[in-house]
There are 2 protein chains.
Amino acid sequence: MSDQRILRPKPISGFPEWSPEIRSVEQAWLDHIRTGFERYGFASVETPSVESLDVLMAKGETSQEVYTLHRLQEGAEGDSSDARLGLHFDLTVPFARYAAQHFNELTFPFKRYQMQRVWRGERPQEGRFREFTQCDIDVINADQVPLHFDAELPRIVHEVLTGLDLPAWTISVNNRKVLQGYYEGLGITDPVAVIRAVDKLHKIGADGVRAILVDQVGLSERQAAACLELAAVKSADASVVTEVKRLGVESQLLDEGLEELGFVLDSLDDLPAGSVVADLSIARGLDYYTGTVYEAAFDDDPGYGSICAGGRYEDLAGEFIRRRLPGVGISIGLTRIFAKLVAEGRITPGRSCPTEVLVAVPSAERRGDALRIGAQLRDRGINTEVFHQAAKIGKQIQYASRKGIGHVWFPPFEDGGEHEVKNLGSGEQTTADPESWRP
Amino acid sequence: MSDQRILRPKPISGFPEWSPEIRSVEQAWLDHIRTGFERYGFASVETPSVESLDVLMAKGETSQEVYTLHRLQEGAEGDSSDARLGLHFDLTVPFARYAAQHFNELTFPFKRYQMQRVWRGERPQEGRFREFTQCDIDVINADQVPLHFDAELPRIVHEVLTGLDLPAWTISVNNRKVLQGYYEGLGITDPVAVIRAVDKLHKIGADGVRAILVDQVGLSERQAAACLELAAVKSADASVVTEVKRLGVESQLLDEGLEELGFVLDSLDDLPAGSVVADLSIARGLDYYTGTVYEAAFDDDPGYGSICAGGRYEDLAGEFIRRRLPGVGISIGLTRIFAKLVAEGRITPGRSCPTEVLVAVPSAERRGDALRIGAQLRDRGINTEVFHQAAKIGKQIQYASRKGIGHVWFPPFEDGGEHEVKNLGSGEQTTADPESWRP
């Protein structure tokens, strides 16, 4: 083979790939999250990886990040039938399209989870990938969505993340009605502009936000100060309602928002203190949120960005169906969380293979016995390999040891003889019965 | 809302999407297959959905089917860094690249499974999709791969497919050395051309193949007849060896191939008769197969195409690494199988949600009790919804019934009172203890 013919493959930036040992942990995480979602009655939905560009662009926001598909030989065949397909950049737009398209087949309130890869044609940087997995839950209904769900979603996320043994994190909750009502109570005419400015608080600081509010949005110094006063409110429980009321601003929308926020926090008061907190600086820039909003981050690295986010929206799929579909949803940024922990060496690698026991093949004559023992163990749900050839026992033990297989099984030397199993951890070797032994 | 603003979404041809009831069956299939692969000690690998075009084109075969990625705004930013990425069209090329790239981190023989979506820019037709899921297992090694695995792979596929309750199917096995050795024994100088012609047998029939062999490959009538005689051999067991030998052709390679084929069939003789058969007409057109080849099809619809396929190759990743990596692999066409059964109404829809019990909320005051009962049941691994608002009991039962939830739980009317559970199937209502009840 000449050197030129070897194409040494390199990792593609922004497209994570794991060794088998890390992948087995990722798979365990995915199973854990799925089980957690199903425990609350959410049903699995998967959508194609692509949507038509019309659908992806229906909200017109994220055009920059979309990967479009082209057939490599398109020019040659003069065919452009696929030219209008793009990879989905989140799971919300595909779910909106799905809910509209299958509206008549779904039972409402419809609770779905969706765990899939999404793609964004972004420049990769810390915490930003071009291919990554998101785990979304949403509840939508055909008229209104009870507030019950605003409290249930962070509870589910709390439960799921708790099971993953992450570095400390906090779920922050706020309510857009509180922000909007408070701003209106201050006599501000463009509350959305204020929300957008406050959303930058963690990046540019209070003085930066104040400057935008006064210079660009046109607030008085007093109004700007009052907005920053609200954004500074944080509370681990429903006492947040009193704290905000103490600021002395009044509006009906504010009262409504505070009631909702209080309901959510009260409903979660059985969770460990500080795991879900009210943080009035959380704004979520996206226009479609209208009530509760969520955002979670690592306590020791808030600048890494949100690891989950979501909120309540008045209408999911207005672009696709003449039915209002309000809902509330939250998305876990699985890859963003997992990749950070991998990079920091905080993921304990799993096993390199799922095998629990290796059945040794001491000689070609006894291969049939070994195969039968393997089948017996597998029938009992034990992950079993039969060694792939007759070989010296030492070589077979070495194979098991290199692969992290915990036990080696030795078939009896003669018909009716004793089976033995060696525990490679302890070195202990004991007799065993393939009908009852457990690893 | 004006009519123009509604974009009615339509299914995209070639990109299957399922209702929650069908999706739950697909998920059960995927879990079943995964468990089956792990039972034999195969480790999970996932690769990015994209590879660089260099990698995808390394074998230079399937250029027509590749979807390339482009950033929608690429022109505007003048950036073409992603222009050389394409979606993978199978899981073999990505695995070859993975094995080469991570060679030093893997333990050999390396047994991996990979269950992912793949994409082909083909014109959709029956059994052909543009996005579909494949479930692959491969064993590769750094020098040689024991024949043990040639027998193990069809055994795994047999076990996995048996658990899926499919219409009758057969796994056919052949060996490329038998074909090549037999053709060489007949004095044929271009055995590969004969393999390609015989591969068309099921499409164009014996006369069509004979015509190609005589007119295009240049065989004598006698040679062509002998080739067709071999292709007609079928056998449910290792007696195939005797049958082929009876044809009177001799070559060392043929003997070697027959020994391998006999070994594979002998090793599988405990499986139900007819589930894995020798079929000497199976050629698998792909050049890289060098020994055992596999192909499975539905008995009642062989023309639908193969539902699994694979074989033994001398070198997986020669384009990417200066190490020979021989192996043997087989791929289950999950979507091809599943979509056919869905289309034919042969999939019994699953539940529309995973909920096993709905806890009723008879009044707002008792919502807290209902939430606690829900948490208790979930802690015990029971998928539980708490109804989302206080409402008439009839409405709550109706919700459970529409969603196919089997049981409704009624919290006690007063502290210390009795819990009751209604079985919606039987209509029976009994007292129950949240600490011990099982659905």
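Each Cβ is built from the backbone N, Cα and C atoms, and glycine gets one as well.
Database features, via TrEMBL:
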type	residues	note
DOMAIN	A:33-362	domain 'Aminoacyl-transfer RNA synthetases class-II family profile'
BINDING	A:ASP90, A:LEU91, A:THR92, A:ARG120, A:GLN134, A:ASP138, A:ARG284, A:TYR288, A:TYR289	L-histidine binding site
REGION	A:418-439	region 'Disordered'
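Known features from TrEMBL, placed on the structure.
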residue: A:THR92; record: L-histidine binding site; Cβ contacts under 8 Å, 6 or more apart: A:ASP136, A:ASP138, A:LEU316, A:GLY329, A:SER331
residue: A:GLN134; record: L-histidine binding site; Cβ contacts under 8 Å, 6 or more apart: A:ASP90, A:LEU91, A:GLN114, A:MET115, A:GLN116, A:VAL118, A:SER331, A:ILE332, A:GLY333, A:LEU334, A:THR335
residue: A:ARG284; record: L-histidine binding site; Cβ contacts under 8 Å, 6 or more apart: A:ASN174, A:ARG176, A:ASP199, A:VAL293, A:GLU295, A:ALA309, A:GLY311
residue: A:TYR289; record: L-histidine binding site; Cβ contacts under 8 Å, 6 or more apart: A:ARG176, A:GLY311, A:ARG312, A:TYR313
Seminar exercise, completed: If you count the other CB atoms within 10 A of the CB of A:ASP90 (L-histidine binding site), including all protein chains displayed, you should get 17
Problem set entry | Among the L-histidine-binding set A:ASP90, A:LEU91, A:THR92, A:ARG120, A:GLN134, A:ASP138, A:ARG284, A:TYR288, A:TYR289, as the record gives it, the longest Cα-Cα distance in Å | 22
Seminar exercise, completed: A:TYR289 (L-histidine binding site), DSSP three-state class -> strand
Seminar exercise, completed: A:THR92 (L-histidine binding site) falls, by DSSP collapsed to helix, strand or coil, into helix
